[in-house]
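Per Swiss-Prot, ATP binding site is recorded for Gly8, Arg9, Ser10, Gly11, Ser12, Gly13, Lys14, Ser15, and the stated evidence type is sequence analysis. What Swiss-Prot lists as GTP binding site is Asp56, Val57, Arg58, Asn59, and the listing cites sequence analysis. If you look up Swiss-Prot, you'll see 266-284 marked as region 'RNA-binding', on the strength of sequence analysis.
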Amino acid sequence: MVLMIVSGRSGSGKSVALRALEDMGFYCVDNLPVVLLPQLANTLAERNSSAAVSIDVRNMPESPEVFEYAMTQLPDSFSPQLLFLDADRNTLIRRYSDTRRLHPLSSKNLSLESAIDEESDLLEPLRSRADLIIDTSEMSVHELAEMLRTRLLGKRERELTMVFESFGFKHGIPIDADYVFDVRFLPNPHWDPKLRPMTGLDKPVASFLDRHTEVHNFIYQTRSYLEQWLPMLETNNRSYLTVAIGCTGGKHRSVYVAEQLADYFRSRGKNVQSRHRTLEKRKQ
């Protein structure tokens, strides 16, 4: 397991790095006092979970020996790594001007420039110990997150999770949907008394819908649309793509179509989840 310690000058991108690490599966803690690192590591060792902890000038120990001692108290199952983010002085000044935030050392009645310089001196012990130093001066938020994934996971893109969910329009459109497709125009199994009690997960309903050309055409055109834009969506720094398929009640057509799309992209090696809102409500 990895204990990633994220440090760096204020404004260099520590919050961005912590969010990216969280997306990679790290248990993240912002501004944990150094003396509590062993306690956190021991707790997470029981869960077999890697962790990322940010340390900045606000929770730096007064003596470097405190940090070194904390490192010696980590359980053997953890491999500590220190990531230090930095940026040039002018970039940090510009970022603070853009966000209009106060520097952590501004409470000492220092000017922004003086606060940045003093912070550099205070963080030098960590910088000199860093396993990886990243200069974010010319990086966007997305580029920093991408670099971390490349360095830590050995691949450029994070794995996008495609979520196909069915719903009923009479219950409302899901607010988490990135795309919403309406299948109320497709033949409706509801009007067949034998199929009405069933759902789109049942074979008789699937056979009914499978007999109709318009159902095949809709599924083909929808998956083709998603395939065309999926490469760009995968590089757009997102973790999930939620595709909602809606019919009137969310029981037959939308369930079947959502499952067909999920099976198709799953067979193409994508990370896929499927859920059925109306069916989940019926189980409650």
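Note that Cβ sites are derived from N, Cα and C of the backbone, with glycine treated the same way.
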Gly11 (ATP binding site) - helix vs strand vs coil (DSSP): coil
Integer Å distance between the CA atoms belonging to Asp56 (GTP binding site) and Gly13 (ATP binding site): 11
Nonlocal residues around Gly11 (ATP binding site), in sequence order (Cβ under 8 Å, 6 or more apart): Ala87, Thr91, Leu92, Arg95, Tyr96, His103
Rounded Cα separation (Å) that holds between Lys14 (ATP binding site) and Asp56 (GTP binding site): 9
Chain-internal residues near Ser10 (ATP binding site), provided their CB is under 8 angstroms and they sit 6+ positions away: Asp56, Val57, Leu92, His103, Pro104, Ile116, Glu119
Chain-internal residues near Arg9 (ATP binding site), provided their CB is under 8 angstroms and they sit 6+ positions away: Leu85, Asp86, Ala87, Leu92, Ile116, Glu119, Ser120, Leu123
Alpha-carbon spacing, Ser15 (ATP binding site) to Asn59 (GTP binding site), which is rounded to whole Å: 15
Mean of the pLDDT scores, which run from 0 to 100, over the region 'RNA-binding' (266-284): 86
Where Val57 (GTP binding site) sits in the secondary structure, as DSSP reduces it to three classes: coil
Around the Cβ of Asn59 (GTP binding site), the count of other Cβ atoms that are within 10 Å: 16
Residue with minimal Cβ packing [other Cβ atoms within 10 Å] among the binding-site residues Ser12, Ser15: Ser15
For Gly8 (ATP binding site), the number of other Cβ atoms found within 10 Å of its own Cβ: 27
Nonlocal residues around Arg58 (GTP binding site), in sequence order (Cβ under 8 Å, 6 or more apart): Asn31, Pro104
